[in-house]
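Novice: Grabbed the feature section from TrEMBL, which reads as follows:
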- 8: active site (ACT_SITE)
- 8, 139: Mg(2+) 1 binding site (BINDING)
- 67: active site (ACT_SITE)
- 67: Mg(2+) 2 binding site (BINDING)
- 139: active site (ACT_SITE)
């Protein structure tokens, strides 16, 4: 059993989603948004760091998954997004969590089946996959989708590791 914290970083709204993976079963534990209403960027980064740290303390995840930075049209926005990611990652690393990064297209491909999916499609599939009564907020749904993506990739990695171990044992005999 593993608990995965997914983060959809943003300098004003950072989504988070927590899921539990038990074998092939993925269940919902919680989600929400860290909102930073202040204009001062250093204070927003401090709030993101504190919010993510609090979530980690509350849910005690085993893994931390975050969306990779994409190239925005506006360089200033991309820099702020990178700084928000950094604040969240430092919160995870300070609590000794392994950090995994996934591209937005990879997350959409895993959850919806197409890397060009719309936000509403991601919300719908997250609701369906986690058997939620209603669709989560867009940023929280994205964070849950990131956590779900980590579950799928970690299953594949553990299968590959198991296959390699089996092959290695077969050669030793």
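Using the three backbone atoms N, Cα and C, a Cβ is placed for every residue, glycine included.
TrEMBL annotations: computationally assigned, not manually curated.
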Novice: Near residue 8 (active site), which residues of its chain come within a Cβ-Cβ distance under 8 Å, counting only those 6 or more away in sequence?
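Specialist: Sequence-distant Cβ neighbours: 14, 15, 16, 17, 67, 139, 140, 142, 143, 146.
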Novice: Tell me the Cβ neighbour count for residue 67 (active site), meaning other Cβ atoms within 10 Å of its Cβ, over all protein chains shown.
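Specialist: Other Cβ atoms found within 10 Å: 25.
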Novice: Please report the number of other Cβ atoms within 10 Å of the Cβ of residue 139 (Mg(2+) 1 binding site).
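Specialist: By my count, 24.
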